[in-house]
Amino acid sequence: MLEGLGSPASPRAAASASVAGSSGPAACPPPSPPALRSPESPAPRRGGVRASVPQKLAEMLSSQYGLIVFVVGLLLLLAWAVHAAGVSKSDLLCFLTALMLLQLLWMLWYVGRSSAHRRLFRLKDTHAGAGWLRGSITLFAVITIILGCLKIGYFIGFSECLSATEGVFPVTHSVHTLLQVYFLWGHAKDIIQSFKTLERFGVIHSVFTNLLLWANGVLNESKHQLNEHKERLTTLGFGNITTVLDDHTPQCNCTPPTLCTAISHGIYYLYPFNIEYQILASTMLYVLWKNIGRKVDSHQHQKMQFKSDGVMVGAVLGLTALAATIAVVVVYLIHIGRSKTKSESALIMFYLYAITLLMLMGAAGLAGIRIYRIDEKSLDESKNPARKLDSDLLVGTASGSWLISWGSILAILCAEDHPRYTWYNLPYSILVIVEKYIQNLFIFESIHREPEKLSEDIQTLRVVTVCNGNTMPLASSCLKSGGVAGDVAPWGKDMPPAANGNVCMRESCDKEEKQEESSWEGSPSPVRLPHFLQGNAKRKVLRNIAAFLFLCNISLWIPPAFGCRPEYDNGLEEIVFGFEPWIIVVNLAMPFSIFYRMHAAASLFEVYCKI
């Protein structure tokens, strides 16, 4: 469908025009007439601007609508958290339930409309909605549904003193989770080109609904962790810190008591998986929103394949780190809060373990960056909303742990009294900052690298037609950055014949690509890697690094997600900054720190499959 007067002409029309303007049987096609010039000419650009203005306006209006919904939801969450007068948990759950029901209506409409027009050709973003990502979100969704079932059981046990909304909410959330996973499996790659204004509002509503559900899960899990932290403070000798519990338990007895206690404890162990599900769903929906009305290149994304050969070293080291993490978390949770001596021993054990692991991860990341810098190759700079979002999330969520680490460093430097574990906390905080910086650089280098097979197809930058006197169709393509040739269909019978065995060279790309081609043809050979790191050996080393970092990030996700948080338990920062200010900092930054580890693991898995 034409968007304006500046729409590019079809290949068949271009071929017909070249036939009409030909001056001889072996002559090359003359320059295109004004109507067929590139989109850089003034007239098409003005038409393109006129066509894009309504969509830019719709994008701006939909984003503002989403932000308004998100701000209202955050205010309700804050009001409930601080026990504001007139705001109850039922009000918050009613608001979240209404948002989920509205999203359900939109998803049903979209799925129904897509099924009715399933025979139509639909553009797809091959970078979005990778199979491993959809598999991960499915796993987290299953655990989220189990969490919903536990909440329903909790509501039944306390039904005498709980409002009906606390029973309706988990049922609605479970249905919402099921349909949303089905929707993301089938439509995460869609590039929507019809009903674009309506779809922008529907998708952005879904994005911020999931973000509010994520914030609700974070708040509930943080309250539980804070209550446990307050109960343990006195064992470390910080008796001057208030230990008033922020308790929201129902004011009635649960029947049977044993089952209710097990359910209430089980709910908080499943919250980390629910939190990861909501944030992953919101990121996938955000990419879908960015893709609405987007013009895509004709090239196809190289399909990533998972290969397990040659990564024994990285896998063994990573699995060793994972086993050590589980052991450290179990010992930490058993000893912390039992006595002052046991608590300090648990803190020292955690710091020593984390320092060792972070040093190994930093060394592995530096080795990978060094290999990439020596092996100079072109970077893939094509437009890719999914990749850009990954990069932004890595930097944005890393800032959470950087905030906590700098707070700990400042507290150690300013504190008057330094317990023994303090001097382990200092290198740990520094290494957290350095390791994430190095790891982000390694991931950025990896995801912007061209596929390995690109150099084999570089000769397709020129389209060569060998004319031997017979009528031949010409199949041409322009290899864009990161693309694969062969996506443009043959032109067929409209192609003019050529005679006398002459060769006609016709540039199929713009001036910049001509310059890149000529510079490639005459450039000297790049700096070569050492002999033992060339070819397949280099890929094996990089795969081992990616596999090791992947498992290490999973390992470092486990401790804070399941209650092993020395930022809470060492008490030093709370003395320097004050209890409430430091708790606010940790509660705001910790969810981003936890999500960083899971998102970094997902990015490293993609890097591993791409190498």
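The backbone N, Cα and C atoms fix where each Cβ goes, glycine too.
On a predicted model such as this, the values are computed, not experimentally measured, just so you know.
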The annotated region 'Disordered' range in TrEMBL, which must be one of 1-49, 491-539: 1-49
Contact ranking winner - 65-86, 268-289, 310-334, 346-372 against the transmembrane segment (575-596), Cβ under 8 Å: 268-289
The transmembrane segment (268-289) in contact with the transmembrane segment (310-334), cutoff 8 A, at least 3 CB pairs, sep 6+: no
Cβ contacts the transmembrane segment (310-334)/the transmembrane segment (132-156), at least three under 8 Å, sequence gap 6 or more: no
Residues from the same chain, set at least six apart from the ends of the transmembrane segment (346-372), whose C-beta lies under 8 A from its own: 317, 321, 324-325, 328, 331-332, 335-336, 420-421, 424-425, 427-428, 431-432, 434-435, 438-439, 441-442, 445-446, 449, 529, 533, 538, 541-542, 545-546, 548-549, 552, 555-556, 559, 564, 566, 569-570
